[in-house]
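Asker: From Swiss-Prot, for reference:
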BINDING   30-33, 51, 87-91, 415, 479-481, 495  ATP binding site
REGION    526-550  region 'Disordered'
COMPBIAS  541-550  compositional bias 'Gly residues'
């Protein structure tokens, strides 16, 4: 076991604080409409430029191990805020820095660290409750556009694109961000249910000019099994041929004789048919087949339910207005499923999302939810260079997370005003002793930090502006972009309540732990001289051997 370096008390806290300040100072220059960029060097390729707090935080690793521990703990604040709300990482880092700095001053002055932490926690609990009271719903496209614009660094085009995407696919719809091929940002909307499985044979293609299969008003056969024997399919093929409608087969796999027969029937025009593999794997495949069956009002032919393919009838088949298949994807448009059944399935998936523990499971459940809800929107980001593309894509993703958070929990006045107003409202709370009261005051002072930093980054005097804002009421605040005072809601400067709440909660949690730290332990650095001495010994022996041979 490696020898350890141990530091206690003030010596440990000073080192830790230095690390906190290095990371936070690098992150906070990005805050606000006039925040600056940070250039990040990469071990390969061109440097990247970002205005995203968590991206800056993730790159910072300090040489001094004790300082690095402080930096890593604040990095955790940014990461947690990012995971919870997808935005607000710079605000969270700034709040943590403010609480740690003020808190450690109080500890140095002789206050009890545990009581300080209790006071901070008490203030934060009250502040979160006040934020919820202050919050207003974010229901209309205008508010969504404003939230997206602010989070995308005052890029109105991005804000309106996100609002447009939410209008088209719904609040629960899947909206993804991709790198575009041109200079302009674009929105592409895929209506209906789309999954990542293409046609099993190119011979099914009936639109050769575009290389796709298009089926109008088709029947849809869903089977949770491999199909290789054509005899299993003959009864249903004959019934579909008599109806004159096309047929889409979705199964675990379809191969050999069965696939060959379908191709021949399709090419001869006996029955217009296409086949694709079912999406997903294992239990997820079963669930997605069930989703498709509810959307199209059909049944999944499953041997687990003692159902046989040979005995299936037209009543077991789903139906849709249109199906489009290319080599990679299948899109089912206008399924005839009953709205009540679809809504019940959506509610069931929402419940599963709440109970899911892994991010991967939540992501896959959200995809299923969106496909049932109405569609998928793709935001294609345009830029002139790859460096600009990466920076812009990160901003658009932040804006998308912020708008989702706003829809979920509502919005509060932006620009740091919400926390200033909350601090004023809870200024009369008291702790059980004087040390707790100091902790409460530490938290209240820290809540002014985001406003002060926004003002500082815009080149104005933080104390003057902060006092002017504190003298006002309600939504009155400072618009750093235009250097004027007024109603922040009217200015369109809004923050999602969830983002502000998460930033405050995570910052106070980690900062409280740092304030109560009394000892820090890390590995001692290896003695480079001894390493050099050890490595030179074999080399010298080898040389001696060579001399003897000569």
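Including glycine, each Cβ sits where the backbone N, Cα and C put it.
Since this is a predicted model, take the numbers as computed values, not measurements.
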Asker: Among the binding-site residues listed here, 32, 88, 415, which has the most company in the form of other Cβ atoms within 10 Å of its Cβ?
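Answerer: Per the Cβ count, the most surrounded site is 88.
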Asker: Counting every protein chain present, what is the number of Cβ atoms, excluding its own, within 10 Å of the Cβ of residue 495 (ATP binding site)?
Answerer: 31
Asker: Indicate whether residue 90 (ATP binding site) is helix, strand or coil by DSSP.
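Answerer: Going by the DSSP assignment, residue 90 (ATP binding site) falls within a helical segment, counted as helix.
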Asker: Would you mind listing, in sequence order, the residues at least six apart from residue 90 (ATP binding site) in the same chain with a Cβ closer than 8 Å to its Cβ?
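Answerer: In sequence order, the residues whose Cβ lies under 8 Å from that of residue 90 (ATP binding site) (at least 6 apart) are 27, 28, 30, 31, 35, 53, 78.
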Asker: Can you tell me the three-state DSSP label for residue 415 (ATP binding site)?
Answerer: coil
Asker: Enumerate same-chain residues with a sequence separation of six or more from residue 480 (ATP binding site) and a Cβ-Cβ distance below 8 A; give 'none' if the list is empty.
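Answerer: The list for residue 480 (ATP binding site) reads 32, 33, 34, 415, 454, 455, 457, 458, 460, given in order along the sequence.
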